[in-house]
Amino acid sequence: MTELRHRGTTDNDLQHQQSDDKGSENEGKAEKDGASDSETKPDTGLPEVPVTADDTPEVLNKALSGLSSRWKNWWVRGILTLAMIIFFFIIIYLGPMVLMMIVLCVQIKCFQEIIHIGYSVYHSYHLPWFRTLSWYFLLCVNYFFYGETVTDYFSNLVQREEPLRILSKYHRLISFTLYLTGESCLLFGWTHVTLLIVVTQSHLIIHNLFEGMIWFIVPISCVICNDIMAYMFGFFFGRTPLIKLSPKKTWEGFIGGFFSTVVFGILLSYVMSGYSFFVCPVEFNSDHNSFEVDCEPSDLFQLQDYALPAALQSLTGWPTVRLYPFQIHSIALSAFASIMGPFGGFFASGFKRAFKIKDFANTIPGHGGIMDRFDCQYLMATFVNVYIASFIRGPNPAKVIQQLLALRLDQQLHIFNSLKTHLTERGLVPDLSVSFCSCFCCHVSHGICYTEMSL
């Protein structure tokens, strides 16, 4: 009995020891697994945002069910790109007012996509009124920018209506007061950066549109062309990765998109420069209370002869070539759209990768959200606005006269005398101090003295 008890005790001890060893091994494995997980997925301190699902229409899924995922994505992107291009042409046909409304709608949707990501990431921190204050700031900033636009472009209407004149006079004070009312340090970083990226640059698109629809259509079309052609060249010929932030972008697509976009920009500019509907500035006619795009095209949109270099003359046999000056400017726009424009996409890719998402939203199947389509457009709009201000835009006589008429009478008289003196010194007009006030009888007929004023 004693031996059996002793054997039972030793057997139990062995079993406990083995179980302890297994437990320690399991704990070691768990620690190793935990270590490997922590190495492969470093803790960023931010909660993960779920990846957006593919919302490809069921009709396309059935029609393309026999294709591989690569070719299925190609066809989905191609069909929906064609649909968006057709929609773009319809908007252009409807005129500048519809274009402005579409820009505003796109701005709101892009803002909603970025704010949704911010709320998904930071809602665990229990920030109060995150979405409500974000939309409030969007309203305030739009009030400021569009108020400035109305005051600048519709000054006749503003001066004619008393309520608008008061709002225009104190517009910036009202805007700043609204901003301070909703100020929150908790939302300063996220919301203000979003407003800077989306709202400010979409306002520049509106300014470009007022310079003429061609300054709106050509840059946007160049970005679209570069996006399509870079995708096509990369899809069929891409072998060399371009940047790690966007693994699907290749050098082949980048170079092919560049040359295709430059050629496309020159051809599109040639076609559009011949129509006043596209080249005339968008102006507000206070007599008819409507927008007008009718004018005498400037020299920028008049055909001119340009001498070709000797090398091109020997190659083509043409001593000169007739071009619109705007076509030369279109080369700069196309080059920027091809070289620098994609960096807007790289910034968006880095932003999405930082928050572990594939797309900003799933609004457009195969493309992602609206912000995924307009990330390059916003950067392009900023460049076009700077380009116009630097090389194209000059003083606008109509706006100068509107500002003069808004001055007091004594200020108007002072400006008149200063302008008269300046023109007289340059010899452009006679000495008005003598001839303007001279009044004499030129001849007498039937007892009536006729007077003339010599200007």
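Every residue, even glycine, has its Cβ placed from backbone N, Cα and C.
Bear in mind that TrEMBL entries carry predicted annotations, made automatically and left uncurated.
What TrEMBL lists as compositional bias 'Basic and acidic residues' is 1-42. Under the heading region 'Disordered', TrEMBL lists 1-53. Here TrEMBL flags 74-94, 133-155, 176-200, 212-238, 250-272, 326-348 as transmembrane segment.
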Which of 74-94, 133-155, 250-272, 326-348 contacts the transmembrane segment (212-238) most, counting Cβ pairs under 8 Å: 250-272
Tertiary contacts of the transmembrane segment (250-272) (same chain, 6+ residues out, Cβ under 8 Å): 214, 217-218, 221-222, 225-227, 229-235, 237-242, 278-279, 323-324, 326-327, 329-331, 333-335, 337-339, 342
For the transmembrane segment (133-155), distant same-chain residues with Cβ under 8 A (at least six beyond the ends): 104, 108, 111, 115, 118, 164, 167-168, 171-172, 174-175, 178-179, 182, 184, 187, 190-192, 194-195, 199-200, 203, 206-207, 210, 283-284, 286, 399, 402-403, 406
Cβ contacts under 8 Å made by the transmembrane segment (74-94) with residues that lie 6+ beyond its boundaries: 56, 60, 64, 67, 102, 213, 217, 220, 224, 228, 231, 235, 364-367, 373
Cβ contacts under 8 Å made by the transmembrane segment (326-348) with residues that lie 6+ beyond its boundaries: 214, 218-219, 222-223, 225-226, 230, 243, 245-246, 249, 254, 257-258, 261-262, 264-266, 268-270, 273, 279, 300-301, 360, 371-372, 375-380, 383-384, 387, 391-392
